[in-house]
Every structure is written in structure tokens, then in C-alpha cells.
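Asks: Pulled from TrEMBL, these are the listed features:
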type	residues	note
BINDING	Gly155, Lys156, Gly157, Gly158, Val159, Gly160, Lys161, Ser162	ATP binding site
DOMAIN	12-43	domain 'MIP18 family-like'
DOMAIN	73-112	domain 'MIP18 family-like'
Amino acid sequence: MATPAPLPAPSEDEVMAMLTHVIDPELGADIVELGMARDVVVASPEQLPKRVSRIVLSRTDSGPDRGSGGTSDGAVVVVTLALTTAGCPLRAQLRRDIIERVGSLPGVAEVRINWAEMTQDEKAAAMAIARKRAVERAPDDLFGEQTRAILVASGKGGVGKSSVTANLAVALAGRGFTVGVVDADIWGFSIPRMLGIDGRLEAAEDAAPTGGDNHDSEVSSSAKIRPHGISIPGISSPGVGSSPGSIEAVSMGFLVDDESVALMWRGLMLQRAVQHFLEDVAWGDLDYLLVDLPPGTGDVQMGLARLLPRAELLVVTTPSVAASRVARRAVSMARKNYLRVIGVVENLSHYVAPDGSVHEIFGSGGGDYLAHEAGVPLLGKIPIEQAVATGGDDGKPVALQLGATRPGSGNDPAIGPGPAALAFGALARLIATEVSPPIEMTGCTAHIAQPVPSETAVQIG
């Protein structure tokens with residue numbers, strides 16, 4: 001009985017087409033589109049040594065990485081796969097998927113994988129594709145494209161994140177924008193006091209009446225609620241129009257009778273509260289939506305990444321390098337959720353004494369360190385000024401100085417905004433002109449410890 005002729009080997013294009021079905025589970029796109037499938041060689045075992053000499057890798061395996069194909073007599077397929085980092089934890093899963101897919105092609109006897117590492121430019125390109133795919137897969141945003149959502153985050157509490165949120169909202173509104181503010185710090189809400197707003201949230205005039213018998217919390221209502229709104233005078237400075245803007249705000253502080261009440265919520269309750277603030281509020285046509293996040297990287301942050309997939313992240317830290325190291329976790333959280341990090345704000349940066357001398361009371365370098373590590377711009381350094389603290393306590397954010405003059409002392413003429421107000425104004429200007437950071441890779445790059453030495457040959461067999 002004659003031995004059946006071996007099946008013809010697939011072409012390299014056919015193998016590459018099959019690799020489009022291998023999806024990177026972290027980046028959500030196929031390895032060909034991401035540029036990870038760098039090269040394919042299809043050859044008989046005898047021809048293989050000559051064929052693979054043209055492949056140049058940044059790293060090879062210490063030994064062969066191979067799997068059986070669908071036939072014992074056929075071609076060997078060598079796939080060169082560039083990972084985001086040599087120590088990527090998804091390597092084993094990608095290997096299994098490649099061997100399973102390519103090994104199913106007729107005429108393939110063996111699949112071998114050579115491992116490489118992406119360059120920084122390749123990582124940036126892959127991240128851009130991953131972000132695009134994440135946005136395409138995400139549900140429709142709760143706000144239209146005309147609204148720019150910015151999540152104001154910090155790695156730890158006490159760095160002035162809420163103060164930055166309130167003053168940034170005022171500074172943006174002073175440029176004529178309509179700014180929504182969501183106080184997502186359910187446990188530690190402070191936006192009502194800082195913006196000088198009090199009173200309960202009420203149903204919007206055109207909202208349906210609240211139904212059901214659940215009176216445990218007003219956030220469980222299905223009726224639209226009306227956010228509290230305040231008008232902000234326009235900024236009068238060269239190059240900036242003086243048209244007034246407005247702020248619309250929601251907070252758990254508008255739903256409790258006493259701001260000292262401790263809310264012992266966690267998990268799903270926190271996420272649902274924030275979801276109600278976004279979905280069940282009769283927001284107007286917002287230019288900006290600022291979300292004051294709680295410290296850390298917990299349930300609220302993950303829920304907002306799902307609800308606002310097009311949101312951006314602004315990270316607040318202090319000059320302390322130790323605090324900035326903690327704030328890196330907020331950057332990591334954003335990038336694992338494909339949120340763009342627009343920059344860093346260093347709060348409590350320095351104190352300018354009456355004699356003009358500068359004192360770095362809380363250290364120095366924290367903002368620069370975090371911006372460098374994250375690969376994003378340092379958008380501002382907010383100086384220490386008593387007016388920032390008193391303004392937050394009195395409900396008169398220091399950024400209100402941008403739209404008014406302050407009486408001088410004695411015979412001195414009226415003076416303009418102080419250094420902190422000017423810093424918030426400059427921050428608002430930068431954000432309004434859409435300062436965009438370079439794209440950085442996420443996920444597996446967090447595991448990079450040392451550069452991988454370059455090698456120039458493929459080891460087969």
C-alpha cells in the first residue's frame with residue numbers, strides 16, 4: 001500500500017493569518033495587529049537552519065519552545081513573538097494559543113516559538129492600538145464626546161486632592177466652561193464644604209416621581225436628581241475671555257443630615273452610589289466632568305474606569321518622594337484600564353516667604369519624580385498659601401481670586417490673585433489646551449526589572 005503524500009505546507013501568509021486569531025488577553029487585540037508576531041518561517045526540518053538565519057532577536061529562549069502540529073510528517077513553523085517584556089506573565093498562555101492555532105493548519109508537523117522583546121516605540125504603538133480597542137469595546141459613555149471627564153486621583157490621602165479638584169473646577173469655570181464635579185470620595189466627602197454649597201439634592205422638575213418602598217438611601221432612587229449649581233465669575237486677564245462659567249456638583253454630603261456621619265459602605269454599595277451620581281443626575285451640557293476620587297485604587301476607581309472608559313487621570317502628589325512612590329499605583333491602575341494619564345500636580349510644593357525666599361517645607365522632587373516615572377508632564381506646582389486652607393474651610397476656593405481683585409492694605413492699590421490662585425489658573429489653562437502625555441505601555445511592562453541583553457542568533461533544536 002502506497003504511503004500517502006504529505007500535505008503541502010502552509011504559506012507564511014497563511015500562518016500569519018492564523019495568528020490573527022491569537023488575542024493578547026491583557027491588551028485585547030490580536031498579536032499581529034499589535035506587532036507582536038514579528039516573523040514567520042515555514043520550512044522542512046532540513047531547510048530550517050538556512051531559513052532562520054535571517055531572524056535577529058533581542059532575546060532567545062534558553063532552550064527550544066516547541067509543540068507538535070497536526071501531522072507527524074510535515075513542515076516546521078517558527079514564529080518569532082515580541083513580548084512587551086521578557087518576563088511577561090502571559091507568555092505561557094500565548095505559547096499555548098499559538099501552538100494550538102498554527103498546529104491546526106494542514107501540513108504542519110511542529111511549531112517553534114522564538115521570543116523577542118519589543119522596543120519602546122513598538123510598545124507605544126501597541127498601547128495605542130490597545131486603547132483604541134478598549135474604547136471600541138466599551139459601552140457607550142454616559143457623557144457625550146463634548147464632555148471631557150477627568151478623574152483626580154492620589155495614591156494616599158492627605159495630599160490635597162479634593163482641594164485641587166475644587167480649585168481646578170473654579171479655574172475652568174472661570175474660563176467660561178460648564179464644569180460638573182462628582183465627589184466620589186463616599187467616605188470622606190468634602191466638596192460641598194470646599195465649594196461653599198449646602199442643602200439637600202432634589203428631584204429635577206422633569207424627573208419621574210420616586211417609586212418603591214426602599215427608603216434606605218436616597219441614592220437608590222430611580223428619579224433624576226438635580227445637581228447643586230453655582231456661577232463663577234469670568235477671569236479677566238490678557239488672552240482670556242471674561243464670560244462667566246458654572247459648576248454643577250453632586251456629593252454624598254448633599255444626602256446626609258450631618259457631615260460627621262460615618263458611612264460604613266464597601267464594595268458594591270460604593271460602586272452603585274457613584275453610578276447613581278453619574279446616571280441618575282440631570283446633568284446639563286458639561287464641558288468638563290471632574291471626579292474627586294477616594295485615595296487608593298479600590299472599588300470606586302475600578303467602577304469608574306468601566307463607567308467612563310474615555311476618562312483621563314490627573315494625579316495629585318506632594319513634594320515627598322515617598323508619597324509620590326505611592327501615587328505611582330494610581331498611574332498603574334489607570335493604565336491597566338487603558339485610561340490616559342494627562343499629568344501630575346504637585347500640591348504643597350513650597351512656601352514663598354514675604355521676603356521672597358522659597359522654603360520647601362515638605363521636601364522636594366516628588367512631583368518631578370512621579371512625572372518622570374510615569375512619562376507624563378508635571379502640569380503644576382501649587383504653593384503653600386494660607387488662603388488655600390481658609391478658602392477650603394470657608395467655601396471660597398482660592399481660585400475665585402482669578403475673577404476678582406483683593407483689597408490692598410493701607411494706601412496700596414488693590415492686588416491681584418495670589419500665587420496659589422495663579423498656579424491653579426495656569427493648571428486650568430494647560431488642561432484646557434489639552435496637554436497630552438506620550439503614550440506608555442502598560443501591563444507586562446510593570447514586570448521589567450533590567451534590560452535584556454541583545455543576542456543575534458536563533459537557537460533551534
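Just so it is clear, glycine is given a Cβ too, placed from its N, Cα and C backbone atoms.
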Asks: In the same chain, which residues outside the set Gly155, Lys156, Gly157, Gly158, Val159, Gly160, Lys161, Ser162 have their CB within 8 A of the centroid of the CB atoms that define the ATP site?
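Replies: Counting only non-site residues, the set is Ser154, Pro295, Val316, Thr318.
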Asks: Measuring CB to CB from Val159 (ATP binding site), give everything in the same chain under 8 Å that is also at least six residues away in sequence.
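Replies: Set apart from Val159 (ATP binding site) by at least 6 residues yet with Cβ under 8 Å, we have Val316, Thr317, Thr318, Ala323, Ala327, Asn347, Leu348.
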Asks: Quick one: of Lys156, Lys161, which of the binding-site residues has the smallest count of other CB atoms within 10 A?
Replies: Lys156
Asks: In sequence order, what residues of the same chain, 6+ apart, have a Cβ less than 8 Å from the Cβ of Gly157 (ATP binding site)?
Replies: Gly188, Pro295
Asks: Taking 10 A as the limit, how many CB atoms besides its own sit near the CB of Gly160 (ATP binding site)?
Replies: 22
Asks: Tell me the Cβ neighbour count for Ser162 (ATP binding site), meaning other Cβ atoms within 10 Å of its Cβ, over all protein chains shown.
Replies: 25
Asks: Near the Cβ of Gly155 (ATP binding site), how many other Cβ atoms are there if near means within 10 Å?
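Replies: Cβ-Cβ neighbours of Gly155 (ATP binding site) within 10 Å number 24.
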Asks: Averaged over the whole of the domain 'MIP18 family-like' (73-112), what is the pLDDT?
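Replies: Residues in the domain 'MIP18 family-like' (73-112) carry a mean pLDDT of 88 in this prediction.
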